[in-house]
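Sequence annotations record features per position, and here Swiss-Prot assigns active site, nucleophile to Cys247. The active site annotation in Swiss-Prot covers His336, Glu338. The annotation L-glutamine binding site is assigned in Swiss-Prot to Ser45, Gly220, Gly222, Leu248, Gln251, Asn289, Gly291, Phe292 on the grounds of sequence analysis. The domain 'Glutamine amidotransferase type-1' annotation in Swiss-Prot covers 172-363 and rests on sequence analysis. Taken from Swiss-Prot, the feature region 'CPSase' applies to 1-172.
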Amino acid sequence: MYGILVLEDGTIIRGDGFGAEAEVLGELVFNTSMTGYVEILTDPSYKGQIITMTYPLEGNYGVEKEWFESDGIKAEGFVVKDMTGLELDEFLKEYNIPGISGVDTRYITRKIRSKGVIRSLLKTSTNPITKDEETELIKKVVEYPDISEIDLVPEVSTKETVTYNAENEKTSCVLIDCGVKQSIVNCLVERGCSVIKVPYNSKKEEILSYNPDFVLVSNGPGDPENMLETVDTVKNLIGTLPVTGICLGHQLITIALGGKTYKLKFGHRGGNQPVKDIESGKVYITSQNHGFATDDKIVPAGSELMHMNLNDDTVEGIRKIESEDIKNTVWSVQYHPEAGPGPHDARFLFDEMVELGIKFKAEKAY
């Protein structure tokens, strides 16, 4: 099958198509993980994006459902140097996702690194793609909006409330689902936490009706500035019970506290990002997947930075300056402590979430 990748600057990259015969548009990004292609493809945060893998060989250890981070592939397309194994090919076909192989992913990555993320089109076809078609494809890419103009979270958030581990709880959490990864739910459940997953646009009153011990705002795709409805809910919850966040959830908490976010040139996507705990000086290697970040020049009043990225000094964690009342606790991290895929250095943060919930639950009893 023929494959073509068209970039907004008119660059044409031809290769071998695999997966579904399809045409998709999206923001072209790169991921530096050496393994974890199943988790990456099924991560809802990749909605609206075409993923280029920097590691040259993909598909060499198959596909298992237990590795899924959602109910299927959420990325728009897949770009690899070499694809091996029929399972990855069939996996993409099952979810109608095109892929292209036999291309210079190093060239693509360096282009993104120098110019920033790029609007692009990926097409696969059993018929040769002609020069005349190229002109039309370039036009489609140029007319495609920037990802910050697309409201992606409603496409990946749950439509109804889902409860996990209801019978065996030490504490309970309402998880505001902006596109949550299953690994996050699993990390909470493994620690004896009941998780009530609710839609991204749930209101404060509905969330409190579940009598949770803390709230976790999840990861997800797109620009946090598009999610003012969720920001308002988070703002209204702060001071009522402990509030935590991961990735997009961290950005929403930043805005709710009065801070600002901005779009990174090419983002952080991979399992090898070093993060420093400002207070302790400890460094963790973390898994990350984000294209927006907290502006360190506008730290919200009454808040402080927790963690910084050692590669580019961007903000990786923020918290509300602690008060004696646990209900005022607010903290969030930009990286993914659950990994999925990646290192587990920061999974202790889920222990801290659960301990926070247990403590608040005990105080509520009085």
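Each residue, glycine too, has its Cβ placed from N, Cα and C.
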Euclidean distance between Cα atoms of His336 (active site) and Gly291 (L-glutamine binding site), Å: 13
Reported mean pLDDT - the region 'CPSase' (1-172): 97
Under 8 Å by Cβ from Glu338 (active site), same chain, sequence gap 6 or more: Lys181, Ser183, Ile184, Asn186, Cys187, Ile246, Ser287, Arg347, Phe350
L-glutamine site, defined by Ser45, Gly220, Gly222, Leu248, Gln251, Asn289, Gly291, Phe292: further same-chain residues with Cβ within 8 Å of the Cβ centre: Asn219, Pro221, Asp223, Pro224, Cys247, His290
Among Gly222, Gly291, which are binding-site residues, the residue with the most C-beta atoms within 10 angstroms of its C-beta: Gly222
Least surrounded among the recorded positions, given as Ser45, Gln251, Phe292, His336, when other CB atoms within 10 Å are counted: Phe292
Spatial separation of the residue listed as 'active site, nucleophile' from Ser45 (L-glutamine binding site) - C-alpha basis, Å: 9
